[in-house]
Amino acid sequence: MGYSTQSFSCLCLLLCFVCIQAQDLQTYIVQLHPHGATRTPFSSKQQWHFSFLAKAVSSGEQDSSSRLLYSYHSAMEGFAARLTEDEVELLRECKDVLSIRAERRLEVQTTYSYKFLGLSPTREGAWLKSGFGRGAIIGVLDTGVWPESPSFDDHGMPPAPQKWRGICQGGQDFNSSSCNRKLIGARFFRKGHRVASMTSSPDAVEEYVSPRDSHGHGTHTASTAGGATVPLAGVLRNGAGEARGMAPGGHIAIYKVCWFSGCYSSDILAAMDVAIRDGVDILSLSLGGFPIPLYDDTIAIGSFRAMEHGISVICAAGNNGPIQSSVANGAPWIATIGASTLDRRFPASVQLGNGKFLYGESLYPGKKVPSSRKSLEIVYIRDKDKGSEFCLRGTLSKAQVRGKMVVCDRGVNGRAEKGQVVKEAGGAAMILANTAINLEEDSVDVHVLPATLIGFDESIQLQNYLNSTKRPTARFLFGGMVIGKSRAPAVAQFSSRGPSYTDPSILKPDLIAPGVNIIAAWPQNLGPSGLPEDSRRVNFTVMSGTSMACPHVSGIAALLHSAHPKWTPAAIRSALVTTADTADHLGKPIMDGDAPAKFFAAGAGQVNPGRAIDPGLIYDIQVDEYITHLCTIGYRNSEVFSITHRNVSCHDILQKNRGFSLNYPSISITFRKGMTRKMIKRRVTNVGNPNSTYSVDVVAPEGVKVRVKPRRLIFKHVNQSLSYRVWFISRKKIESKRMSFAEGQLTWLGVRNKATKVRSPISVTWASMK
């Protein structure tokens, strides 16, 4: 149809528009008013979207519709298109255009972890109470799936729920028969990736143009969230055990949005748009970047729509730790997950020529390869101009490393890639040495040659030995797998930290979950190291990252949804947060390096599915309360509208809601200059026994007096809500130009049921600015 009869406010600009010179096209996401006045004449929303392109694109271009990549309807109203800068400026002036955002590229960020978290198929607990997640649908946005993996076997699974409206999208080496009753849907989204990668080098990695996983990351995360039971699972006979996802009875739907060049925001938003209509219950996103304002964040905007539809959105906090305020995906309607360690180790120590031992870890199957224990000469090649200390490609001379054990500093290139570089140069083995950046962080790999990772303290000892002798030697001692002999959980060094840049009034991350050395499903097109040169083939491999922590909580959220199908996403997150563990398995504080973990690293603590499924009380949040919260943190009406699609007056909302505080399960207080008192209100809902009484216990942050009223809550029936108030009085002077922090906690204790503890972390910040 033609668009000549449609009047646009930008028409005068377009009439003056002279045919533009050829410019570089870039992808932009154009957000439109969901009830725009210019929508009426068009038969479909897509035709409405085309009309904007027809008016903005040069008249010399015959088919402007070819510029359209996606039309969005559920996660957001609008479209993604290829535009020039001049065309973007024209569109900004058009009626019903709310905002235009440039494409953003994001990055992707288990045989034992379910046992570590206390999940048992025989003991009364979260699995039995939820039917192992029966009926829940987990949507995974990632790199796709390898459907033949035993983790996606559908033996004993019921058909997909009647509400399911998804499809099994065909493509390269993938058709409708690739799905089953476990893997009930699969789609792929590549338009944003394809146009962004047009200038890629000709030798770029080939990928499956389908939901099939070329990368491994998506297969790994999907199996962690909802993988089936697989006996005798391990990596080259290491870490063997029975593999299970967190919700082994749940269904999985795959949305492939990530490719070797990254994950593009237009593709991510398209997947969220479709997933909402498909009928998922949980959305799991193990991807992100550095934090940006919520009104510019497509994940935050799309997840708000999902939350309105009753979908819990679980996101990785990011791998940019321990940098302060690096936590991503910090919207208050998202559950933001940091990473923690397990008490499972894969010892591979180094015995030096002087008899001393350096502790290391590796998943190389050295215990089964006698030659890997041979004593070798050590070389450490340092050429700062070439980067040979990092074992970068092309920096190692065969004459220097042939038949030797090569020391490679961690950083710059991938850990496993360093081993491949050493192997190609003729090296026989590798010691991967942590630097001051990584300290004692111990992410292991399935190396392509005998190798081990040593911590920073051991690296210093190794350097001292190398400097003490002319011909240093060493051999490896591979110890297989050891469980239960180390403190855990602890916060992973790489896990991103708060306070939240996007919203400091909300404590992020929300909690932590296992994310270091997680063994889960792996595709058959890749070796266990993930390197293209690795010809070995396995069904499982090891990975580390908040990407691995996120699907643990996604699966546990599916268990809670199955057990409590009427709970809102806020209720599910509340149950996870208020029941989290603050102590490790030895009963001592969870550690972050050499010190007890702070809330900005661990959030409320380690997820505890057994307690989360029966939390006693929950902090629920209604959609309108999130809108009020956005107004309280200073967002303008237009910014609130971009996120929520609600046309509101923040001035009026603030007038009606003086002293408002979001009913979040954690508490974050900021004292600015001249402020000494603050009051917050919270509302709890009884989801436990009908006649329940709770008394409050407070550990006040240092420098703060805390008063709670009432100090006792008496519930008469289930789903009854009661409110309480908390006054915080600062006794500390604010230091100029410095922020300071303190921590405490508020816990509601069951009077009759002593085991019920509903704990809220308290974070207090003193900021010098007003």
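Residue numbering: from 1, along the chain as shown.
Using N, Cα and C of the backbone, Cβ positions are placed for all residues, glycine too.
Keep in mind it's a predicted model, so treat the numbers as computed, not measured.
Annotated features in TrEMBL:
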SIGNAL    1-22  signal peptide
DOMAIN    27-108  domain 'Inhibitor I9'
DOMAIN    133-583  domain 'Peptidase S8/S53'
ACT_SITE  ASP142  active site, charge relay system
REGION    202-226  region 'Disordered'
ACT_SITE  HIS217  active site, charge relay system
DOMAIN    388-458  domain 'PA'
ACT_SITE  SER547  active site, charge relay system
DOMAIN    662-764  domain 'Subtilisin-like protease fibronectin type-III'
Surrounding residues of the region 'Disordered' (202-226) on its own chain - C-beta under 8 Å, 6+ positions past either end: 108, 110, 113, 133, 138, 140, 142-147, 149, 151-152, 168-174, 178, 182, 186-188, 190, 243, 245-248, 250-252, 254, 256, 258-261, 282, 284, 286, 518, 520-523, 525-526, 530, 532, 541, 543, 547-548, 550-552, 554-555, 558
Secondary structure content, the domain 'PA' (388-458) (per DSSP, counts of residues): 20 helix, 16 strand, 35 coil
Distance, ASP142 (active site, charge relay system) to HIS217 (active site, charge relay system) (CA atoms, angstrom): 7
Averaged pLDDT, computed only over the residues in the domain 'Subtilisin-like protease fibronectin type-III' (662-764): 93
The region 'Disordered' (202-226) - residue tally per DSSP class, helix then strand then coil: 10 helix, 1 strand, 14 coil
Residue pair ASP142 (active site, charge relay system), SER547 (active site, charge relay system) - Cα distance, angstrom, rounded: 10
Sparsest-packed among the active-site residues, when each Cβ's other Cβ atoms within 10 Å are tallied, from ASP142, HIS217, SER547: HIS217
Residue counts (helix, strand, coil, in that order) that DSSP gives for the domain 'Inhibitor I9' (27-108): 27 helix, 27 strand, 28 coil
